[in-house]
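See below for the structure under consideration.
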Amino acid sequence: MRLRIRGLTAGWSRLPAVEGVDADVPEGSFTALVGPNGSGKSTLLKTVYRALRPRAGRLLLGEEDLLGLDPREAARRVGVLGQDQDGGFDFTAREAVALGRVPHTGPFGGLGAADRAAVAEALELTGCAVLADRPLSRLSGGERQRVLLARALAQRPRLLVLDEPTNHLDPHHQFAVLELVAGLGTTVLAALHTLDLAAGYADRVVAMRAGRVAAAGPPEEVFAPEPLRAVFGLEGTLLPDPVTGRLRLLTRPVGAPAGRGGSGTPRCGERGPRRCTGRTGRGGPGRTWRG
Amino acid sequence: MTPRIPFPLLLGALTAAVAAAVPLSIGVGAVPLPPQEVVRIVADRLSSSAPADSPEAYIVWELRGPRALQAVFVGAGLAVAGAVVQALVRNPVADPHLLGLSSGASTGAVLAMAAFGGAAAGPLVLPGAAFAGAAAAGAAVFALARAHGTAEPLRLVLVGVAVGQLLGGATSFMVLRQASGDAQQQVLFWLLGSLAGARWPLALGCAAVVTVLSAVLTARARTLDALALGAEGAAALGVRADRARAVLFGAAALLTGAVVAVAGAIGFVGLVVPNLARPLVGAGHRRVLPTAALLGALMLVAADLAARTALRPTELPIGILTAVVGVPFLVAALRGARSGVGR
């Protein structure tokens, strides 16, 4: 379900970390939130999943005012894969995923048939079914991230919010998480550190700098040379992956000297963005998870 | 990992163990009574309201009965309060003492003793003061730990430790000022804890409060699970951490107050028992709380029995026994395959 962010100002200290942000997450899109450290990505996401109350602005999920909703109601609509939220106690994977049903269950928190089905489906989708009875402490980083994603899916959200979902993961698992998320068909808003991954998986990119939106649009536009230099202080080359057709972004420091073979590569951004749209689309062939 | 015992089976086994331990414990003493005799006396007494007509009946019903009941509910209450506090501060080594709750109860009791002169003030004054002291300490700790509208776990622990130390100092000061050795003896009761002198009205009151609050807390088990993820993780699940923490911490403070008011500050149960329960049933509080309650009851009945018999006819303070019984169990559990703690 689409999310519209309007005039959002939020932060922990007197100086707001996010100021006057307008942004759109279109229905069914994978929207990546990118920006340097401290640019306000996490703060923005926290207001969306209600961990932080904004000082001003509106969040519209569909036609509903997200900030006016009861917290439980909001949590039924927005599922979250946050940072460092696996708890100090050693839940099994199934228990951890079942927590995603908290906003759906009554005061005694008993799981009904629908709840158990949602948990089982989330475990299945993320390839975690075989891990279900293992304690989180015995899982690898990649496995744990999948379990936490399964929890967010068990919420049966209309909007999936991911805060750095590829953090601490090796390249294989970075791709695996994003392939999975992109294949879900749910509306996704994800903060991503790795611009290359944002270029490859997002339909839409919102680039933030110093608490404001610096650029927004399809990856071909946001990762064009001009915005790339202005927002990130980087030079870059966009080109389609020769095998998958997904966009790739090669970045380098501004003014890096051209070395061997440096000048022969076609610079996608310089020839105009439309040359780089040969992607296979979302989902792609890699939907199954090989852990 | 080791396969777990099915939860209903475990709950049934623990309930049976508590039900068996109570008459056994009642039967042990200067006048030994076989468990079936104890059960018969209790059944007689419950079926007819006639007063005790034999010395045995008097011993069972008036002396050892309330004490055994109190052991059950004090143990259960401490264990549940411990598990809740551990979830709130996201740390398995927390307990009601660490957060200053028991210190508040002791200070309340000692203050009342100084003001009203101990037992002369009537049977309800000291327990009432202890209960009020725990509640007040809880409110103070929570209020001082609040910043930006919520009491973060680390602040809660630090403030709890500080307030506990302050109250401990105040209590020691008042104890030193108490002239008579008799009064100091009474103060020791609050500091070390004891089940001696249990009487029906207080034992029943404690049982009622522990039952109600444990039920309320078990009903909020999912909220406790969510809080174990931290404030942001809880918010993502639709749980308002600030409000939930206030309510649950308040319930834990009242639970501690009800227990300490009748039995003094019995240590170690709140710390150890939840850590014994987690390896058995996992970290989910819907299972941890009832399991901990039964384990706590069992542990305290056993500790009370040991306290009464180890150095007969002298009775040991039960706090010493809970530590002696608890430490080996805790070490064994932590060294076991899956502790449910940390990673």
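Each Cβ is built from the backbone N, Cα and C atoms, and glycine gets one as well.
Marked as transmembrane segment by TrEMBL: B:68-89 (among others).
Long-range contacts of the transmembrane segment (B:98-118) within the same chain: residues 81, 85, 89, 125-138, 140-141, 156-157, 159-165, 167-168, 170-171, 174-175, 177-178, 182-183, 186-187, 190-191, 252-253, 256-257, 260-261, 264-265, 267, 271, each at least 6 residues beyond the stretch ends and with a Cβ under 8 Å from a Cβ of the stretch. Taken from TrEMBL, the feature transmembrane segment covers B:98-118 (among others).
Residues or ranges marked as transmembrane segment by TrEMBL: B:124-144 (among others). Counting same-chain residues at least six beyond the ends of the transmembrane segment (B:124-144), those with a Cβ under 8 angstroms from any Cβ of the stretch are 99-109, 111-113, 116, 118, 151, 156, 159-160, 163-164, 167, 190, 202, 245-246, 249-250, 252-254, 256-258, 260-262.
Among the features that TrEMBL reports, transmembrane segment is placed at B:156-176 (among others). Outside the transmembrane segment (B:156-176) by six or more residues, the chain places 88-89, 91, 94, 97-104, 106-107, 110-111, 114, 137, 140-142, 144-145, 184, 187, 191, 245, 249 with a CB less than 8 A from a CB of the stretch.
Residues or ranges marked as transmembrane segment by TrEMBL: B:188-217 (among others). Here the transmembrane segment (B:188-217) has Cβ contacts under 8 Å with residues 65-67, 69-74, 76-77, 80, 84, 105-106, 109-110, 123-124, 127, 130, 171, 224, 248, 251-252, 254-255, 258-267, 289, 293, 300, 304, 307, 315, 317-320 of the same chain, all six or more residues outside its ends.
As annotated by TrEMBL, transmembrane segment applies to B:247-276 (among others).
TrEMBL lists B:288-310 (among others) with the feature transmembrane segment.
TrEMBL lists B:316-334 (among others) with the feature transmembrane segment.
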**Asked** At an 8 Å Cβ cut-off, counting only pairs 6 or more apart in sequence, do the transmembrane segment (B:68-89) and the transmembrane segment (B:288-310) clear the bar of 3 or more pairs?
**Response** yes
